[in-house]
Amino acid sequence: MMKRLLCVLLSTSVFSSPMLGYSASKKDSKADICLAVSSGDQEVSQEDLLKEVSRGFSRVAAKATPGVVYIENFPKTGNQAIASPGNKRGFQENPFDYFNDEFFNRFFGLPSHREQQRPQQRDAVRGTGFIVSEDGYVVTNHHVVEDAGKIHVTLHDGQKYTAKIVGLDPKTDLAVIKIQAEKLPFLTFGNSDQLQIGDWAIAIGNPFGLQATVTVGVISAKGRNQLHIVDFEDFIQTDAAINPGNSGGPLLNINGQVIGVNTAIVSGSGGYIGIGFAIPSLMAKRVIDQLISDGQVTRGFLGVTLQPIDSELATCYKLEKVYGALVTDVVKGSPAEKAGLRQEDVIVAYNGKEVESLSALRNAISLMMPGTRVVLKIVREGKTIEIPVTVTQIPTEDGVSALQKMGVRVQNITPEICKKLGLAADTRGILVVAVEAGSPAASAGVAPGQLILAVNRQRVASVEELNQVLKNSKGENVLLMVSQGDVVRFIVLKSDE
């Protein structure tokens, strides 16, 4: 059976991997491309209807394509490993090779067996972007312009520009760059929340360097998460053909509006097999607006660790159906603690909107500006109550950055990860996702798959708690208590400060 492989859609001079983006037009052309199904009492033949559908796609392509651009990123260093959201350059040391599982390798941020067999050098990263303002703001994926040296942008008419980075957001894999030009054609955003399964979807991009390629499919699913591509996931799934080089390009509706930014595919070979993922336009636009105005993204913070609800938990906590998110821990001093949230509360709605999944709630809170008041509907001991909470700014990641400087990448552990690793569902700790070869962490014995249980003799159960501990111990060596299997050990990471 073909093994599943998550790919981001990048194209390089030696190797291609998938990515996505989006674009806009000067005017909303909705009225121009509506399909004429009937005219008065006159019946429309099947042939005429098909012609109208075809013309509709043609009109979208004609109006949107001028707003889609070809991006070439010449990184600061020429010889680099293949970049992707799940495979950060230079992070190696996989103790789990015996699983022989491509998805497992991707999850741990490691090169797949296929990638290890390919040349690991490149001269340029090539992808797609789309213009969102007439004065030259361009949206693409973060992984297209990551580690940028020179960025070249080629318009549909062949004009070439050098671009500068305006803002990056690796947590959603979005980026904004800018070219010095005026009166450009640009794309507008549609409402991704209004999408229905089966709606038409049109992708425009530069697969394998073939510029202005248009493909058509449908919306296959919404709200895809737990793919471990980026931190905040709420992907639209489509069968519109997306291939290496499409990264950062737009996914459009039949009105020519951007409903998503193409980002990744599932594939056994690195190419298209009918499953592609796009960042929904509502999430993308909120991130993009902040990148353009501030150069960075400010996210809301509640201060809870959550667990998905399954049918057994729904019965145990007397829920009317399988929905909501279970609070497994409350961060000390957080908005959640101050508002009175407790361990084992089940959050079933926020501001009147039902919590369909843990990821949906997490994404919604993260998109709220600090100071936003949100009313949480809680099921506690079988009773329903409402608790108002004022969201604050998500804590800085100084602690995580300190670990990254030492060569370690971490993430919160989830029930899905526990299942994958054969751990108990209630396992607490922080998962080591990857370790950079030759780093202080690698030399000290830190390895992917280990669980960090304590830092500087303080128990930690979330990345937020890790941040707080490390922020209070700047300039000091870091003492980690880690476990792997039944073995617990202590590791000292020496600080450079």
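Numbering starts at 1 and runs along the chain as displayed.
Every residue gets a Cβ built from N, Cα and C, even glycine.
Here's what Swiss-Prot has on this protein:
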SIGNAL    1-16  signal peptide
REGION    128-289  region 'Serine protease'
ACT_SITE  HIS143  active site, charge relay system
ACT_SITE  ASP173  active site, charge relay system
BINDING   GLY245, ASN246, SER247, LEU302, GLY303, VAL304, THR305, LEU306  substrate binding site
ACT_SITE  SER247  active site, charge relay system
DOMAIN    290-381  domain 'PDZ 1'
DOMAIN    394-485  domain 'PDZ 2'
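Features as recorded by Swiss-Prot, highlighted on the structure.
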residue: HIS143; record: active site, charge relay system; Cβ within 10 Å: 33
residue: ASP173; record: active site, charge relay system; Cβ within 10 Å: 31
residue: GLY245; record: substrate binding site; Cβ within 10 Å: 30
residue: ASN246; record: substrate binding site; Cβ within 10 Å: 37
residue: SER247; record: substrate binding site; Cβ within 10 Å: 39
residue: LEU302; record: substrate binding site; Cβ within 10 Å: 28
residue: GLY303; record: substrate binding site; Cβ within 10 Å: 24
residue: VAL304; record: substrate binding site; Cβ within 10 Å: 28
residue: THR305; record: substrate binding site; Cβ within 10 Å: 22
residue: LEU306; record: substrate binding site; Cβ within 10 Å: 21
In Å, rounded, how far does the Cα of VAL304 (substrate binding site) sit from the Cα of ASP173 (active site, charge relay system)? 24
Please report the Cα separation of ASN246 (substrate binding site) and ASP173 (active site, charge relay system) in Å, rounded to an integer. 14
Among the substrate-binding set GLY245, ASN246, SER247, LEU302, GLY303, VAL304, THR305, LEU306, as the record gives it, the longest Cα-Cα distance in Å: 38
Pairwise CA distance, SER247 (substrate binding site) versus ASP173 (active site, charge relay system), rounded so that it is a whole Å: 10
DSSP-assigned states of the domain 'PDZ 2' (394-485) in counts, ordered helix, strand, coil: 29 helix, 26 strand, 37 coil
Near HIS143 (active site, charge relay system), which recorded positions out of ASP173, LEU302, GLY303, LEU306 have their CA within 10 Å? ASP173
Per-residue pLDDT averaged over the domain 'PDZ 1' (290-381) comes to what? 92
What does the DSSP secondary structure composition of the domain 'PDZ 1' (290-381) look like, as residue counts for helix, strand and coil? 25 helix, 28 strand, 39 coil
